[in-house]
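What TrEMBL says about this protein:
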COMPBIAS  57-68  compositional bias 'Low complexity'
REGION    57-109  region 'Disordered'
COMPBIAS  69-82  compositional bias 'Acidic residues'
COMPBIAS  88-108  compositional bias 'Basic and acidic residues'
DOMAIN    159-300  domain 'tRNA/rRNA methyltransferase SpoU type'
Amino acid sequence: MRTSTLIARSASSSFRYAIRSKRPFPSLSPSVLAFTAFAPLRSLGLGLRGPNPSFSKPFSSQCSSAAEAAEDPADSSDDTVEELLTGGEDRNHQLMKMERRSEPEGGSHRGRWFPYRDLFKSGNAALGSREVIAALDPYILDARKERIRRAVENRSYSVCLVVEGLTDFGNVSAAFRSADALGIQSVHVISKDSRKRYRDNRHVSMGAEKWLDIELWNSPTDCFTALKNRGYRIVATHLGTHAVSIYEMDWSLPVAIVVGNEHMGITEEALQLSDMHCSIPMKGMVDSFNVSVAAGILMHHAVCDRISRLGCHGDLTSGESQILQAEFYLRHRGTTIGIVHEYAKRMEGLLGKQ
């Protein structure tokens, strides 16, 4: 590597480190400063364009923008896993916005489970999904709306993912990303340790958690009881003698796929409470997959099997699709909740004048 490239990268790293850590810029030698004044500064990432480079922004403005981005609560949140996924009674839930349905009582839920009611509460006002969409539609780009529409069209709650244990957050985040890509909307996390920071691995999930319904549980018993009441059969991945190959299963029925962490696997409690065990046939010397890889294979095969049997994976009704579309609109940006609140106030004012 040429000396000029090494110097440029060193200077670039120094600037970036200072911006992200909010520390003073390190002192650079006169030779380095002289070099950066004449070398092609594109490698420093300072926004230069064209053969005769000129700044697209003053460097001081870029420093300010980078510092502001570093201070963005959405990127530097210290919320624990439990706080992030469940929220609190005195604030909106971090992830799920539309009103949630109550858990089935007195036995299993009949029919296919869908978690939302057609209701969004805004102060004393109650808006339906159609009104939420009408309020936010002018503020969302057409390309984004089309992407949301296509995602909703291919979403399903008939298959959900359960991850037991949060030992490796990178693997969990990768599993979330696969679930979103495959149209699996519901993800459940069983964890007894809420001290670890989920957002540490948002670069792995690529923000997939923003679009998923993620529920946090303290034990397999709590999680599996709720899922069975919703009509799911619990299928745990296990290499036991009674395990069924994933290729011999019917994935068209509501199913919850359970994977464990890569160090200890699925706990004995979860194995005992599950309805059946399944395995991914392997032909190599190693007898296990990485947990995120296993989760991806299982979900991908489930979706493919459903398409071959049913003709499609997405199975929401038109009403359910509209509710989930409103939910996605509400998650689009942090400002969307405020827009809907203002819309509700205007509607209340108009009704009051009549």
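Backbone N, Cα and C define each Cβ position, glycine as well.
Taken as a whole, the domain 'tRNA/rRNA methyltransferase SpoU type' (159-300) shows an average pLDDT of 85 in this prediction. Residue counts for the domain 'tRNA/rRNA methyltransferase SpoU type' (159-300) by DSSP state, with H, G and I taken as helix and E and B as strand, are 54 helix, 37 strand, 51 coil.
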